[in-house]
Amino acid sequence: MKILMRADTHVSYSVPAEGPKANFTFSQVLAALSVSLCSLVVGFVSAYTSPALVSMTDRTITSFEVTKDAGSWVGGIMPLAALAGGITGGPLIEYLGRRTTILATAVPFIVSSLLIACAVNVIMILCGRFLTGFCVGIASLSLPVYLGETLQPEVRGTLGLLPTALGNIGILVCYVAGSFMNWSMLAFLGAALPVPFLILMIIIPETPRWFVNRGQEERARKALKWLRGKEADVEPELKDLMQSQAEADSQARRNTCLELFKRINLKPLSISLGLMFFQQFSGINAVIFYTVQIFKDAGSTIDSNLCTIIVGIVNFFATFMGILLIDRLGRKILLYISDIAMILTLSILGGFFYCKAHGPDVSHLGWLPLTCFVIYILGFSLGFGPIPWLMMGEILPAKIRGPAASVVTAFNWFCTFVVTKTFQDLTVAMGAHGAFWLFGVVCIVGLFFVIICVPETRGKSLEEIERKMMGRVPISAVVNIKPFSFNM
């Protein structure tokens, strides 16, 4: 799944080398929780098709026909709409503000779910899914920008985990509820989830950086006071923000989107695009969107709805494992582990479905698909899930980070659409085994891409990474591992 955890797309940070240790102020926790509740909604709607399509295509439950082709569009139209939303979200967060843009998605999220819940034909469902996807695309840009501009660097890693965690909770909620709700009732639940997010977003302020960008120094000061605490001295931070904005304005006048295609910038852009390609063509969103259908086709001896719940739980806990390990093992080691796990499990899944279709009998191995799915999700969530987004924010040069990240984000959503829309067609043309083997071959190519092209960025500042990516100093492609500390 691509729950939509996007890196810092339209903003670059100026972080002092030294500074006071940040505290987990209640206001910062509240701000992070408020926007992360939007991520919970995103997780829920992204996973919706997995449990919903089974009852949606059942004529004893649904009063109108949903063909297999229409079902593929129910899954595929959301990422296509998210691509459009992602492109639209960039200008919106600049002109309306980060908070206002996020807040503006709440009501459409509710309306889109109600449109699906009350649908009397496939067109209404598709319209609801398109509106849902459009909001998801906007959220995918605006959530990380808001958090990046409001949280202090010392707590950004911990509180920045909340969107990923709540997004995975949203997936799990959808799987659990989908085990006993039909598609219509599940959509009604989806309409209720944005309400807490809507209420909390009204309470929190706009980001100080956006106020500074608009020349509203006093409002920026008030927002910083709210976020840092009334007793905090916010003047040094405000001064840094104003200086950073002045430098960004100066660069914006000198550089255009044509900078993206200069040879010196193509290397980091190509690496980021490559990581996004291999992330999506590992087949993750096909797995998330069609989990129930896959287990049903596999003839697993374990209830398909229970299988999806187990997959959701694994996805949730694997996220925390990745966070704990990424600054210990480094990016490349986790990408290696991730790729190898996906290659092995996709190969075995392909073999299982081949034997199921052509023999020998594998009915006694009904537990095998679930085992492979668990390891596959675990591997993806450790590496190729979060790291492409993290590295997008690390390796793209500051002066092109905004437009470059928009290109990378749009490309990711395009790949998501292609995978989710064509998965069922692939299973018809090649068989389920052929589809899984194809994803496995892509993962093998992705492994070589990581070995040869992807730099190790652990422990390096953004400035150091940029100097190396620009070729001013050589960059190492060799992994480096930080020893574990057992101090409590």
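Backbone N, Cα and C define each Cβ position, glycine as well.
Not measured: the values here are computed from a predicted model.
Topology check against Swiss-Prot: Gln28 and Asp303 carry distinct topological domain names and occupy opposite sides of the membrane. The N-linked glycosylation site entry in Swiss-Prot, when matched to the candidates Asn23, Asn182, corresponds to Asn182. Proximity of distant same-chain residues to the transmembrane segment (333-353), defined by a Cβ-Cβ separation under 8 Å and at least 6 residues beyond the stretch ends, is recorded for 282-283, 297-298, 322, 325-326, 362, 365, 368-369, 372-373, 375-376, 378-380, 382-385, 387, 431-437, 439-440, 443-444, 446-447, 450-451, 454, 479, 481. When the stretches 73-93, 185-205, 373-393, 403-423 are ranked by Cβ pairs under 8 Å to the transmembrane segment (130-150), first place goes to 73-93. Under the criterion of 3 or more C-beta pairs below 8 Å, with sequence separation of 6 or more, the transmembrane segment (306-326) and the transmembrane segment (106-126) do not qualify as touching, having fewer than 3 such pairs. Under 8 Å from some Cβ of the transmembrane segment (106-126) lie the Cβ atoms of residues 38, 41, 45, 56, 63-66, 70, 73-74, 77, 132, 134-135, 183-185, 187-188, 190-191, 193-195, 197-198, 201, all in the same chain and six or more residues away from its ends. Between the transmembrane segment (73-93) and the stretches 29-49, 185-205, 269-289, 434-454, it is 29-49 that has the most C-beta pairs under 8 angstroms. Proximity of Asn182 (N-linked glycosylation site) to non-local residues of its own chain (separation of 6 or more, Cβ distance below 8 Å) is seen for Ala52, Ser55, Ile61, given in sequence order. Count of Cβ pairs under 8 Å against the transmembrane segment (185-205): among 29-49, 269-289, 434-454, the largest is for 29-49.
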